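What TrEMBL says about this protein:
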{"type": "SIGNAL", "residues": "1-19", "note": "signal peptide"}
{"type": "DOMAIN", "residues": "35-116", "note": "domain 'Cytochrome c'"}
{"type": "BINDING", "residues": "Cys48, Cys51, His52, Met93", "note": "heme c 1 binding site"}
{"type": "DOMAIN", "residues": "127-220", "note": "domain 'Cytochrome c'"}
{"type": "BINDING", "residues": "Cys148, Cys151, His152, Met197", "note": "heme c 2 binding site"}
Amino acid sequence: MRRALGVGAALLGALAVLALTAASSGTRPSVPANAQTAPGVLAAQLGCPVCHGQRGQAPLSNIPSLAGQHAEWLEARLEAFRAQAQAGEDGIMPRYARHLTDAQIRALAGAYSRDPLPHPTRVLQAQLVSEGQALYERGRPYQGQIACATCHGSAGSGGTTPLVPRIGGQHGGYVIYRLNVYRQLPARPDQPSAQAMRTVARTLSDRDIQAVAAYVQQLPTGSFQ
């Protein structure tokens, strides 16, 4: 299976239209009142598969696959989206998370964490992958740039804490998108994880970001086990 890393703005725009149509076509997502609703049913009712795919394997490169992700990390992200909504912030994910209960967040996170890990995608640009591997494994200490593996682990499995996400096998397009978001993020000393990613991303060139994404995308998910 081959997937291009260079996802154009048109695809991202089309994806945004699709997601917004599903999320906000006149109404907000309807959340079942019963906190014990089966996770798969809850996800379907919320419309999660529209963007994140069946069993958490997102079909488009700019949307993250959630399958096999750490439950604790997913819980933290959903709680953050819910807090954003309650603080009056808008966005696709805050709309979905706004009325989720703690029990529903735990159920969704647990379900996605148990889904089969995404398959790695072969990247044809060998030179790009090689550059990405060097950055991922060793960084550039002389420039103050730490290796990605320091936190995310050599196989991209999230290191020693579940609050650091798995990134091995993740869509390259999404990795590029997130690193660019972090690179442009204002300083957030109140959010240590985001601040750490901002610090690293701001040391990366466009080529570096593409290289890291290429390497991460093809990491063998079997090494997570």
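Just so you know, glycine gets a Cβ as well, placed from its N, Cα and C.
Shown here: features listed in TrEMBL, placed on the structure.
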residue : record                : contacts (Cβ under 8 Å, 6+ apart)
Cys48   : heme c 1 binding site : Tyr96, Leu108
His52   : heme c 1 binding site : Ala58, Ile63, Pro64, Ser65, Leu66
Met93   : heme c 1 binding site : Phe81, Gln84
Cys148  : heme c 2 binding site : Leu135, Tyr136, Glu137, Gly139, Ile167, Val200, Val212, Val216
Cys151  : heme c 2 binding site : Gly159, Val164, Ala196
His152  : heme c 2 binding site : Gly158, Gly159, Val164, Pro165, Arg166, Ile167, Gly168
Met197  : heme c 2 binding site : Leu179, Tyr182, Leu185
Practice task
Check the domain 'Cytochrome c' (127-220) for me and report the mean pLDDT.
Solution key: 93
Practice task
Using DSSP, break the domain 'Cytochrome c' (127-220) down into helix, strand and coil residues and give each count.
Solution key: 54 helix, 2 strand, 38 coil
Problem - Largest separation between Cα atoms (Å) of residues that the record links to heme c 2, namely Cys148, Cys151, His152, Met197 - result: 11
Exercise for the section: For the domain 'Cytochrome c' (35-116), jot down how many residues DSSP puts in helix, in strand and in coil. Expected result: 51 helix, 0 strand, 31 coil
Practice task
Using only the Cα atoms of Cys48, Cys51, His52, Met93, which the record gives as binding heme c 1, return the largest interatomic distance in Å, rounded to a whole number.
Solution key: 12
Handout entry: Other CB atoms within 10 A, centred on Cys51 (heme c 1 binding site)
Key = 21
Fill in the blank from the handout: Same-chain neighbours of the heme c 2 site, Cβ within 8 Å of the mean position of the Cβ atoms of Cys148, Cys151, His152, Met197 and not counting those residues, run in sequence order as Ala149, Thr150, Gly159, Val164, Ile167, Ala196, Val200
